[in-house]
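*Asks:* Per TrEMBL, the features are:
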ACT_SITE  Asp49  active site
ACT_SITE  Cys52  active site, nucleophile
ACT_SITE  His262  active site
SITE      Glu237  site 'Linear diubiquitin binding'
Amino acid sequence: YKLSVSPEMDIMEYCGKEWRGNTPVAKRMRKGYEAVAQKFASIRRIRGDNYCAFRATLFQALSQATQLPRWLQSEDFAMLPENLLSKYDWIKQWQLKQKPGKKMGEISDEIKEYLILLRKKWKNISEIKDPLEKQEACDKLFKNEEEEYSLYEALKFLMLNTAIELYNADKSGRRVPVFSWLLFARDTSSNPCQLMHNHLNHIGHSGGLEQVEMFLLAYALQYTIQVYRLYKYSTDEFITLYPNDPEEDWPVVTLITEDDRHYNIPVRMCQETML
């Protein structure tokens, strides 16, 4: 049995175990961890299985949630799969985890269930006032494999919806964020249909999120994802924000990566930082 989010551990203790040698890389990583340790006391390792960016982001968002985001409150939120399917026939080729080959007509109800589950969990956890209880509820959720993967399916579908909105906005001459151009400038994702086939359908199976898809995830959740990219220590990309011009009212979650592939999470903000 693998823990999805392992118990917290002192950041510098973790760093000492992982980066012992005196190679330039090890030295840079230690410097990076020292910088993170000025803001956060502990680290929690995230299980690495091509879902780690989702897992780290969602865990952080839920563990600090105090209310249901606006987009989760909308009346027609759960109708999203039906609404999109009525406009875009190609969505029938959506791949569900552990259910490859199922027709989208059949799985539109399942995605609806996943979206409703996401709203329910977010609502329940955000209503817990006691920080310890909230943490326990998050830990419990991320030990339930079936529910956990259902939530990632919901996130992927929300990313597809956001991509379609951005693509249509750009085509009709409205302003879109720069990352949206980059997303659709790739040979493998020049439109939302290709994005689904060549990228979103593979997340969690044969690949994780690429950088440009981190922007898409941030937009889908309306969260700013702040990432300490340790291998970029001492460059201006050491702390990267997705998106880099976030809306002021978007909450912020913080992740750590050593290579832009696997993400862990820092926890326990140091007292002086909180003040």
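The backbone N, Cα and C atoms fix where each Cβ goes, and this holds for glycine too.
Predicted automatically and left uncurated, TrEMBL annotations should be read as such.
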*Asks:* List the same-chain residues at least 6 positions away in sequence whose Cβ sits under 8 Å from the Cβ of Asp49 (active site), in sequence order, or say none.
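*Replies:* Once residues fewer than 6 apart are set aside, Asp49 (active site) is near Gly204.
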*Asks:* Of all the recorded positions given, Cys52, Glu237, His262, which residue's CB has the most CB neighbours within 10 A?
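*Replies:* In terms of Cβ crowding, the pick is Cys52.
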*Asks:* To the nearest whole angstrom, state the Cα distance for the pair His262 (active site) and Cys52 (active site, nucleophile).
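*Replies:* So the Cα of Cys52 (active site, nucleophile) lies 6 Å away from that of His262 (active site).
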*Asks:* Cα-Cα, whole number of Å: Cys52 (active site, nucleophile) versus Glu237 (site 'Linear diubiquitin binding')?
*Replies:* 21
